[in-house]
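Here is the structure we will look at.
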Amino acid sequence: MQYSLFGSILTFGAMIGAITSGPIADLVGRKGAMRVSSAFCIAGWLVIYFSKGPVSLDIGRLATGYGMGVFSYVVGLIPTVVLLLGLFFIPESPRWLAKRGLTKDFVAALQILRGKDADISQEAKEIQDYITSLEKLAKPKVLDLFQKRYLRSLTIGVGLMVCQQFGGINGVGFYASSIFDLAGFPSATGTILFAILQIVITGVGAALIDKAGRKPLLLVSGSGLVTGSIFTAVAFYLKVHLD
C-alpha cells in the first residue's frame, strides 16, 4: 500500500502544479515558471534521496509531481539541476515581456534569440500587434469552452487524454521496473528502452504534425492507444491465467 501511494501521489502533485502553472507563468514569466518547476523537482528528489521513511518519501514525490505539473515534463535530479543552471543563460520569453510592457527587455530578448545580426523589426512589430489585439479581446472564461462550436474539438482532445489515462500508461510508467522484473527482463535495460521509445514517438509525432497536420496525428495517437491497451490487457490476462 505504501508503494502504491508513493507511485500515485505524484499525480496529485502534478494536478496541483498544472492548475497553478498558468498564474505562475503570468506572474513571474516563463523562465520564472521553469525555475519554480526545477526548484520543486530538485527539492523533491533530494528529499527522496535522503529519505529515512515513507512519509518523507511521499513528500518528496509530491514535490516532484508538483514540479512536473508546472513544467509538464518528466525530470530527474541531474536534468533539473542542468535545467535550473541553464535558465541563467537564456532570455525571458519575448512575448511575456511584451505583454508586461517591458519593451526594451522584449527587444533585447528577441535579438538574443534570433542572433545579434538578425533583423527583428518585422517580427517585433508582429508580436506587438498580436499582444495589442489580444488585450482588446474579452477575457475568456472556462464556460466558453462548452459552446457548441468548440464541442467537437473539446470532445476529441479531452477524449484522447481520458483514453490515455484509462489505458494505464501512468501505471506502466510508475511500475515499469517491477513489470520488467515480473516478465523476466532486466529492469534497468527495460526502463531505459521504455524512455527511449517515448522520446522517439514524441519526435515522430512532432514530425507528423509538421508534414501532415494534426488530424493524422490524432488518428495515429488513437490507434496507438487502442493497440497499446489491447497488448497490455492481453499481457496481464496471460500473466494471471498462465501462472
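Note: Cβ is positioned from N, Cα and C throughout, glycine not excepted.
Residues or ranges marked as domain 'Major facilitator superfamily (MFS) profile' by TrEMBL: 1-243.
Per TrEMBL, transmembrane segment is recorded for 6-25 (among others). A Cβ distance under 8 Å defines the sequence-distant neighbours of the transmembrane segment (6-25), meaning residues of its chain 6+ beyond its ends; these are 32-33, 36-37, 40, 54, 57-58, 61-72, 96, 170-171, 174-175.
The transmembrane segment feature in TrEMBL is assigned to 32-50 (among others).
Annotation comment: TrEMBL describes 70-90 (among others) as transmembrane segment.
The transmembrane segment annotation in TrEMBL covers 154-176 (among others). Sequence-distant contacts of the transmembrane segment (154-176) (same chain, six or more residues past either end, CB-CB distance under 8 Å): 7-8, 10-11, 145-146, 187, 190-191, 194, 218, 221-222, 225, 228-229, 232.
What TrEMBL records for 188-209 (among others) is transmembrane segment.
As annotated by TrEMBL, transmembrane segment applies to 216-238 (among others).
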